[in-house]
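Taken straight from TrEMBL:
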TRANSMEM  97-119  transmembrane segment
DOMAIN    108-354  domain 'ABC transmembrane type-1'
TRANSMEM  144-167  transmembrane segment
TRANSMEM  218-239  transmembrane segment
TRANSMEM  245-264  transmembrane segment
TRANSMEM  332-351  transmembrane segment
DOMAIN    419-641  domain 'ABC transporter'
TRANSMEM  680-701  transmembrane segment
DOMAIN    695-978  domain 'ABC transmembrane type-1'
TRANSMEM  739-764  transmembrane segment
TRANSMEM  827-856  transmembrane segment
TRANSMEM  924-945  transmembrane segment
DOMAIN    1010-1243  domain 'ABC transporter'
Amino acid sequence: MVEVFFEKILTKRRVQPFMGKVDRKLVHPQLKANYLTKLFFCWTFPTLVKGFTDGFKESDVLHLLPQHESSTLGDKLDKEWSQEVSTKEKPSLWKPLLNIFGMEFLKVGLLMFVNEFLIKLSQPILIWRLINTHTEHGGKENEAYIYAFLIVLSSFLDVILYNWNVFNFRVLALKIRVACSSLIYRKSLRLNKNGVNKTSTGRIVNLLSSDLNRFDKLFIHIHYLWAAPVESVVIFYLLYVVLGLSATAGVGIFVIFVPIQILMGKKYSDFRLKTALKTDDRVRLLNEIVSGIQVIKMYAWEKIFYKFTNSLRKCEIHYIRATAYLKAIQNAFNKFVGTGALFLCIVIYVFTGNHVHSQYVFVIKSFYNILKQNITLEFAEAIKDLAESFVAVERITTFLLSDEIVSKKSEKTHPSVGLILDKASAKWSSSSCDTLSNISLIARKGQLVTFVGTVGSGKTSLINVILQELALDRGTLSIKGRISYASQEPWLFATTIKENILFGLPLDSEKYNEVVKVCALSHDFTLLPFGDKSVVGDKGITLSGGQKARISLARTVYRNADIYVLDDPLAAVDASVGKQLFEQCILGYLKDKCVILATHQIQYLQKSDWIYLLKGGRIVAEGDYERIRNCGEDFATLLQKRVDIEDNLNDDGDRKVCPEETEERFKESKCCGKISVKVYAEYLLSGGYCYFTTLILLFVLSQSTQSGTDYFQSFWVNIEESTNRTHTQSSFFTPNNCIYIYLGLITLVLLTSIISSISFYSYYMTASINLHNTMFSAIMKTQLQFFYTNPTGSILNRFSKDLANADTNVPKYLIDSLQNGLSVLSIFILVGIVNPWMLLCSVFLIVLFYFIRIVYLSTSRELKRLEAISRSPVYSHLTESLHGLETIRVFEKNTQQKQTFERFIDNNTAVFYLYISIATTFRFWLSLFCSFYVTLVTASCFWGAKIYGGNLGLIITQATNLAEQINWGMIQWSEFENEMTSVERLIQYKNIEPEEDTAKDKTWPTLTSIEFKNVSLRYKEDIPLALDNLSFTIAPKEKVGIVGRTGAGKTSIISALFRLVKFEGTILVGGVNIKDLSLDSVRSKISIIPQEPVLFSGTVRQNLDPFGRFTDGELWTVLGDLELKQFVTELPGGLEGAILERGANLSVGQRQLFCLARALLRRNDILVLDEATANLDYKTDSLVQSTLKNKLVDCTVVIIAHRLYTIMDCDKVLVMEAGRTSEFGHPFKLLQNENGALYDLVSKLGTNMAKHLKEIAEKVT
């Protein structure tokens, strides 16, 4: 009823987007607070009240304190780290951190010293004196009041000092995390190719999401590494002085426990390192899966990647489970060691001829409780956290020492010369052969210099040398002026098109409009609802390949530079647009600049001023067009055959999603209000009702034995005091029998604790495994649109930080809450037995605490959700930056990107600091009310009749313990609910809508005809149809080309055929409706060669044949057909040779050939080519076209064409317009119609081109 009453006040559950912005104009209330307000954390009250009454929103987040700004902290750490690297042979991050934060660390440690050695150690002495005055005959009542007052005072001082210690340590950890995050990102921007290849994106994300969080707990406990041993010595001395030698015996058990803790700490360190490495691999693979999800779905590879991921997850969870079992054993010993130490003291005390009395037992117990807290808990946690932190710092240090770009100033050149390379040689790693050898070239101002060559000839490597991304081994590079660069794979970041073009430069409207015009973007802007203010989305997913290429080119051209390096930017655009870009942009707008163009577009070579022909990393010919044609090389021969016949169709691909509402589309949503009961039930009962019930019973049994032991201590003392008063000995409860009973009880405590703890962790490790598996399975089965609307950073956030919380934090807080709840219940029973009136105070205290908890959670829950959401932009920006390092560096935007990253970090820090503050407020005021409770309990000792000393010791120690248990239990319970937001976020992914899959699985048809009947498709309900009542038929074994302008619907045909998007109408394959077939059947039986080649980290074999279905001979045959055999043979391991993340050790053309090899291996009867040869040179293109014709004679082939010559020899051509069929028939017949759409497209390519294409079409009539 209490819960219902308070929860009705809270806001209902709803979904809101996180804006990711924090108002920095308002003055932070902490800066305006006076001393007392700061001391009691009253400055957080308005935030708590706001959250309780109106619901906490992102707009309520307080602005960042100046001392927490990531730029300031990052600059300090960067400076110290640079000094460390320059002065030490083996640098470590520890020293820079100590130089910056060491003094702050020591100051807080001094405050902790005062609390631990002056306040806490005085409490057992005061309890001892109070019991003495109570039990001694003729005791002074005034002294008792003084000791009672001092007990209460020490309790209040402990509350203040302890909570301020924890707060300061958490803030210190926050500052270190912020500083290290900034340093890691700065390093990321300096990584060279080797550094990027050796350090996966998943690893860097894991450093930010997991490793840095190790500092959060470390500083709370680390001072106990010295404080606990010193405190042990002090307690040993005090026990010896006050109670004699026998009282010190139990200290030995605590001392013995220390090396055990150290050994466990080493094991923690080992398991932590192994866990981190496996997590790196899993997150790296996930990043690749998300980036290549469309290819995975079209290849029907979901199951194999599910298997790969689960394999990595099993390895990861193996070490997490081992760590959890260590914690379980440690928890059991923590319960046992205090009781066992006390037992040893009592046994020795009794066997030396003494009688047990209350002063002896409860003073020892008070001291041993301190030792138990500091040795078995704090010291143990400190060792574990320090071990984990050492692993984290070592991993971060290793990353910070990764290979990076070496800034070298090039030599000056003549004013008319833009660039000179003289006898230059370079290689990607010291162990590899030269990638470029003896390269000499000159590029002058006002000159168009072109690089051409076959796939793998060294064009991209040469460009990297010019960009100084690849260092020279020999030779010299001389550059005059600034360079601007357009990469072969366009790099865009998730913001508006306009901001992508400007890239931090000031807007010059006239220049901007001119650049947009010459880059052929004006028409595209009219098609987009927000024009150039449309958000392109993660990796530019809302745009076609051609649009991305033109935006990238516009960014390059807008920058005022002297040398423009263009890496094949025309490959993805159509002929008329390509011609416009070449003539108006490259030859026109850039006519006075030095332009270096790497290209496969032969038609543009005639207008090049100078051409360099590369082969095997060498320049084999150079000169003007005529000289290259007549140089005798194979490529030159190909030129002679292809004079004036190259073309591109007027197309650069359909837009994948309509960018309507893109301003809101990519914002991550969050739940608000109380976490659903279903979420708790799904998590808590994931192992089944019976197992969960058994688990609860085990914990009840464990706590019963612990409480029974505590009660028996009091009972034994009371018997001894009664015997001393009456001189009558009990016949059963003799000292020896009591010792045996006590021994039996503490043995049960140990056994039940071990069993219950191990059972618990086993149960919830299984829950975590199931949660990951079902969540990952859900995103693999969900619609492709999910990945368009959820940035990579958001997905990685849930599978890294949120999953890590579910693996470790949630079980930890849950077991603490469960044990503390049962402990509090047992204390109530014990206190109620001794003093029933105190039950009223106890019940009132619980109600009060519960109300405070409700107020706290109404804000902390939302802050935890906001903090989780605010991490996503951090990860997204990091992954984006790693994909565009060359562009960022060439444009000299390191500082701009760093500032953006630090703004995201600051937003996260503002939320997290507020969370720390209100969490400390909650803990502080709970502790304060606990101190009032201790005051009432102490005062009750003076009310009514005099009680036994055993009962007095029991009630005071249990009351003190109750205050701590309720305080700790409420904190852990609240933290459990806060951390359950991570489980909630994971379950959100678990419940995402899957693709429609009827899974009727009829037999795949033997015929391979394709028929579209009245097919309509739209990507969202509120946007126009991408396919509008489309109908056409492709006969078995026909080869059909599909052409059309931008937005005509060509890519949508692929989406419908592979059932990537829901559609209306019917698609028949061999007369069978594909909706009657499972998705796996449809996609596995249709091969596709995508426009953008996607490879995954692993081996050559895994990329070609992940299911292991083909023999080595079959693999080598296909590689030989595509002239990849030599390349693979030269790889260490051959077919087992490594392919790096995103295929980074291959050129784009080589990646495309690997995708072709996949299709040839699958031998399906239907093949779809989505401009599969756009990134190939003409020699390789001819080889591919010949191979496809020979190998695919009996296949039905569908070609999405950009180059018209690739479809002129097709059996039919389908011309698309606005999602409908404009023309469909044999290309030669279509070209006879002068009013036809295909005729119009061909005629725009020029007389010679049109004539040549008609000749090709006529040959296949």
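Any Cβ shown, glycine's included, is placed from N, Cα and C.
Confidence in the domain 'ABC transporter' (1010-1243), given as mean pLDDT, stands at 85. Recorded stretches compared: 108-354, 695-978, 1010-1243; the one with the most Cβ pairs under 8 Å to the domain 'ABC transporter' (419-641) is 1010-1243. The stretch in 97-119, 332-351, 680-701 that contributes the largest number of Cβ pairs under 8 Å to the transmembrane segment (218-239) is 97-119.
The transmembrane segment (739-764) makes no contact with the transmembrane segment (144-167), as judged by fewer than three Cβ pairs under 8 Å among residues 6 or more apart in sequence. The list of residues near the transmembrane segment (245-264) in space but at least 6 beyond its ends in sequence, with Cβ under 8 angstroms from a Cβ of it, reads 229, 232, 235-236, 239, 326, 330, 333, 337, 340-345, 348-349, 352, 354, 360, 363-364, 368, 371-372, 375-376, 379-380, 383-384. Same-chain residues lying 6+ beyond the ends of the transmembrane segment (144-167) with a Cβ under 8 Å from its Cβ atoms: 39, 108, 111-112, 114-115, 119-120, 122-123, 126-127, 129-130, 133-134, 220, 916-917, 920, 923-924, 927-928, 930-931, 934-935, 938-939, 941-942, 956, 960, 963.
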